[in-house]
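K.L.:
This is the structure, below, for whatever I ask next.
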Amino acid sequence: MDIRYEVSPKDVKRYTTEELRESFLVESLFKEGEISFTYSHYDRLVIGGAIPTKEELTLDAGDTLRTEHFLERREIAIIHIGGGKGKVKVNGESYKLEKRDCLYVGKGNEQVTLHSDSSADPARFYLVSATAHKNYPTRLLPIAEAEPTHLGSDAESNNRTIYKYVHEDGIQSCQLMVGMTLLEPNNMWNTMPAHVHDRRMEAYLYFDMEPASRVFHFMGQPNETRHMLIENEQAVISPPWSIHSGVGTSNYTFIWAMAGENYTFKDMDFVPVEELK
Ligand SMILES: O=C(O)C(=O)C[C@H](O)C(=O)CO
Ligand SMILES: [Zn+2]
């Protein structure tokens, strides 16, 4: 597993572009026939990408977790982000996923495998996992059943729809909160005005982008902002002390996931634009 350690905001003030990217950007999560994981020491969130082709792919604790199986002390959300139809089997029970559907699998499930219906058009799965203390039931939430919240405006170029999957009023979990935000065409900004939530870290996966499109992802303490250039299907680890906002050269979709102290989506400290530096 790719390991990312926590770093102090004091040190980040002096980071070069390369150092910022080494600490916070996950460049290649999606490889055919593999599951790739990145382990962040911020709240021990693990993010991953999987593209099963002919063979199924199995969630495996590897040497990093030092547990018998991946979900021995963890919970996971698996979101289908593109490609053909796929399936996730949990202890032999099969769940069908199409684009934007989310499956939550609780602590203690020993056997989790990922499958594509067609190896010529494989499914692309994003995985996000946090530590867990008890089992919550496995639950599939197809996008058609997820509740949309519309935010922003054309005037602010941030007309977008948020679908919450795993949260206090949705799929129940120990600490994982997960959702997806879609920007309307001609709308490029997410999460501006920006916010921090020192109680929770967050990870963003940007996708649905053309190969030549980029998102300028803004991070850092509100009075010391930095940015990183993000390509399609790349992820950002956002420390609890950092803003997480972006503007694209075109519209895009992103999956946000949080873990940490509280389980309150609305717990955000907004920063007026005039105060950003
Ligand atoms: O579009 C947005 O705004 C978001 O999706 C923001 C994230 O949900 C977030 O940062 C939650 O803390
Ligand atoms: Zn946030």
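Our numbering is plain: 1 for the first residue shown, then up by one each step along the chain.
Positions of Cβ are set from backbone N, Cα and C atoms, glycine also.
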K.L.:
Taking TrEMBL at its word that HIS195, HIS197, GLU202 bind Zn(2+), choose the one of HIS150, HIS167, HIS244 listed for that site.
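P.N.:
Only hit among HIS150, HIS167, HIS244 in TrEMBL's Zn(2+) site, alongside HIS195, HIS197, GLU202: HIS244.
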K.L.:
HIS195, HIS197, HIS244: which of these binding-site residues has the highest Cβ count within 10 Å of its own Cβ?
P.N.:
HIS244
K.L.:
Across all the protein chains here, work out how many other Cβ atoms are within 10 Å of the Cβ of GLU202 (Zn(2+) binding site).
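P.N.:
Step by step: centre on the Cβ of GLU202 (Zn(2+) binding site), count other Cβ atoms within 10 Å, giving 24.
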